[in-house]
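Chemist: I am attaching a structure below and will ask some questions about it afterwards.
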Amino acid sequence: MEKSSSNETQTLTSKKELLDCTEGEDCQENGLLVHPSHGDKGEAGQISNGYSVVQSPVPCNGIGDGEDVQCTAPAATTTTTTTTSTTCGVEAQPQLLELEERETWSKKMDFLLSVIGYAVDLGNVWRFPYICYQNGGGAFLIPYTIMAIFGGIPLFYMELALGQYHRNGCISIWRKICPIFKGIGFTICIIAFYIASYYNTIMAWALYYLISSFTSELPWTSCKNAWNTVNCTNYFTNASITWTPHSISPAEEFYTRHVLQVQRSKGLDDLGGISWQLTLCLLLIFTIVYFSIWKGVKTSGKVVWVTATFPYIILFILLIRGATLPGAWRGVVFYLKPDWQKLLATEVWVDAAAQIFFSLGPGFGVLLAFASYNKFHNNCYQDALVTSTVNCMTSFVSGFVIFTVLGYMAEMRNEEVSEVAKDTGPSLLFITYAEAIANMPASTFFAIIFFLMLLTLGLDSTFAGLEGVITAMLDEFPHVWGKRREWFVLGLIIACFLGSLSTLTFGGAYVVKLFEEYATGPAVLTVVFLESIAVAWFYGINQFCSDMKEMLGFTPGWYWRLCWVAISPIFLLFIICSFMSSPPDLRLFDYNYPYWTTIVGYCIGTSSVICIPIYMAYRLIITPGTFKERILKSITPETATEIPFGDIRMNAV
């Protein structure tokens, strides 16, 4: 390790030096700021940049003859990381071990592109435009901006700062913040598994479309295929054909009857067989994911230079193309025309809060993991503002990309834009947008780049989600997986693939919809709510701001403090209560979800969150002392007696 002015690269060597520190003060040793231990006994302290040191036994006679004679100290004495008991009254000889430095990003842009790639996903393209026009068009931008300023961005910034300062994944970081909340980390890992089990299936659909696009005539432009029905109506090829309520476009039948094959399933109680075509597509997706993340952020940081930048190139091309289509202006007017009355409706503000939260993505462990690989003094404040702004602007611009095409569709069908824009979620991309592309000049080219864009949007979000789990498990169990990252990643990928099998059935789209609504939403909201409470109220807002001053050189202002202490938790509680009070009424295509699926959905969501109270109970049971003492010890940041760093285990003496 080379010596540098940065704390991350300071060499830890053994040397004999008299430390002149008073109790309760920070000690400066070898260029590193060392904090006093917070425990009741002399335990290994933590150095501010994430490293740790241990003491060698020091004989009380001060000779240092190597005898295994320990110094004793009164129980009330507080010791620091590098000083021995004050009862010896002699010069200390700390043994500072050289530690394996934590992996860091090769370049700052690797980190920024990874965070942007994670935050900007498929939801930016389909969810924001739909929610925007549904909730008042241009008027929706007011609650969206307010919720971003007072809820989304402060939480985004908080997670980046926590990860960068403590340099741990979402499980082990709680030892340094509030140990009783460690169950949050396990909850995040389960949620990430659920997401990987359905999110990648949507990418498999996109890959199937991409492969099908390599033809002179796109297969969803004709009604003469084996999967088409008598209701198939291709109004683009024949202007005399009238669009009726029973008409089905060839793009819709390609999606529902050929790609998904939902006609072969009766619903969630009879999913049917597994589609081998989609299974092969998903297998290829997971293979790409594995070889992109198996070596760590050094490799994934290079891959995102393609997966995070390519969508912006394609969005720009599609925006220019959409703006030149006949009727495009109708779509733009429909998208942005403000309905000020909507601002009086509570659900509009709930949708705005939910959209900005799920778009920025705190609570999934990803921001903690990515930031933990930063340099200690990296300006994560600037990073938070830049990446969150890019994410919000991408959502807004995506609306123009989508609605220029919807205006074109309305012009061709001679209908209102509201009639054309009924499709939501993936259907907006795989039916409406695919149909519009198919009837453009150079349709094959635009289809290929569009579905490539969907793939790249999804891939870097998958990289990020799984990296959050990988970092958490490797930090928590370094001696088991520290040198076996490739095998752990392989096992995780296989588990996610097996977990996806139900979404690959003929009724798999129904499973995807169920997981999307219940497995992530309320659970992640609960995670971030408890996380914000733990940091602001248990760890302490003053301690958190002190950490940030040490790391960034400045203390967060009153606005950030107020958001972390009160506004952001209230913001989250507001969304949680809205979700719980009115569970979504699920419907997909012509299938209405039966009532029992609501119960199943809540069970899926609860299966991850249950880790939090279970770990709290476990922690209180194993902690010695009276009940009050157990509570106090469980909410006090612990300085572990055994702190893992790669192959080295640091034992306090």
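Each Cβ is built from the backbone N, Cα and C atoms, and glycine gets one as well.
TrEMBL lists G117, A119, V120, N124, S359, N391, L457, D460, S461 with the feature Na(+) binding site. Residues or ranges marked as disulfide bond by TrEMBL: C223-C232. According to TrEMBL, the feature domain 'Sodium:neurotransmitter symporter serotonin N-terminal' maps to 35-57. Here TrEMBL flags 111-129, 141-162, 183-211, 274-291, 303-329, 349-373, 385-410, 445-466, 487-512, 518-541, 562-581, 593-618 as transmembrane segment.
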Chemist: For the transmembrane segment (303-329) and the transmembrane segment (518-541), check the count of CB pairs under 8 Å (sequence separation 6 or more) and say whether it reaches 3 or more.
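Modeler: Result for the transmembrane segment (303-329) with the transmembrane segment (518-541) is no.
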Chemist: Measuring Cα to Cα, how many angstrom lie between C232 (disulfide bond) and L457 (Na(+) binding site)?
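Modeler: So the alpha carbons of C232 (disulfide bond) and L457 (Na(+) binding site) sit roughly 31 Å from each other.
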Chemist: C223, C232, L457: which of these recorded positions has the highest Cβ count within 10 Å of its own Cβ?
Modeler: L457
Chemist: In angstrom units, rounded to an integer, how far apart are the Cα atoms of G117 (Na(+) binding site) and C223 (disulfide bond)?
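Modeler: That comes out at 38 Å between the alpha carbons.
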Chemist: Tell me if the transmembrane segment (562-581) touches the transmembrane segment (183-211). I count contact as 3 or more CB pairs below 8 A, with pairs 6 or more residues apart.
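Modeler: Contact between the transmembrane segment (183-211) and the transmembrane segment (562-581): absent.
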Chemist: Neighbourhood of the Na(+) site (G117, A119, V120, N124, S359, N391, L457, D460, S461): other residues with Cβ within 8 Å of the Cβ centroid, in order?
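Modeler: Neighbours within 8 Å of the Cβ centroid, excluding G117, A119, V120, N124, S359, N391, L457, D460, S461: I116, Y118, D121, G123, A308, G361, T394.
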Chemist: To the nearest whole angstrom, what is the C-alpha distance linking L457 (Na(+) binding site) and C223 (disulfide bond)?
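Modeler: Rounded to the nearest whole number, the Cα-Cα distance is 31 Å.
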Chemist: Could you check whether the transmembrane segment (141-162) packs against the transmembrane segment (487-512) - three or more CB pairs closer than 8 Å, residues at least 6 apart in sequence?
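Modeler: The transmembrane segment (487-512) and the transmembrane segment (141-162): touching, no.
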Chemist: In the same chain, who gets a Cβ under 8 Å from the transmembrane segment (518-541) while lying at least 6 residues past its ends?
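Modeler: Distant Cβ neighbours of the transmembrane segment (518-541) are 155, 158-159, 162, 174, 177-178, 181, 184, 187-188, 191, 194-195, 198, 354, 357-358, 362-364, 561, 564-565, 568-569, 572-573, 575-576, 579-580, 600-602, 604-606, 608-609, 612, 635, 637.
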Chemist: So if I draw a 10 Å sphere around the Cβ of V120 (Na(+) binding site), how many other Cβ atoms end up inside it?
Modeler: 27
Chemist: How many Å separate the Cα atoms of V120 (Na(+) binding site) and C223 (disulfide bond)?
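Modeler: Answer for this pair: 35 Å between alpha carbons.
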Chemist: Residues of the same chain, at least six outside the transmembrane segment (445-466), with any C-beta under 8 angstroms of its C-beta?
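Modeler: Distal contacts: 114-115, 117-118, 120-122, 124-125, 192, 195-196, 199-200, 202-203, 206-207, 209-210, 213-214, 218, 285, 288-289, 292-293, 300, 303-304, 306-308, 310-311, 314-315, 317-318, 321, 364, 366, 370, 429, 433-434, 437-438, 489, 492-493, 496.
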Chemist: Quick check for the class: what is the C-alpha distance, in angstrom and rounded, between S461 (Na(+) binding site) and C223 (disulfide bond)?
Modeler: 35
Chemist: When the pLDDT values for the domain 'Sodium:neurotransmitter symporter serotonin N-terminal' (35-57) are averaged, what is the result?
Modeler: 38
Chemist: Counting Cβ pairs under 8 Å that sit 6 or more residues apart, are there three or more between the transmembrane segment (487-512) and the transmembrane segment (274-291)?
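Modeler: Between the transmembrane segment (487-512) and the transmembrane segment (274-291), contact is present.
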Chemist: Is it possible to get the count of other C-beta atoms within 10 angstroms of the C-beta of G117 (Na(+) binding site)?
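Modeler: I get 28 for this one.
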Chemist: Taking the transmembrane segment (349-373) as reference, which of 274-291, 385-410, 562-581, 593-618 has the most Cβ pairs under 8 angstroms?
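Modeler: Top-ranked stretch among 274-291, 385-410, 562-581, 593-618: 562-581.
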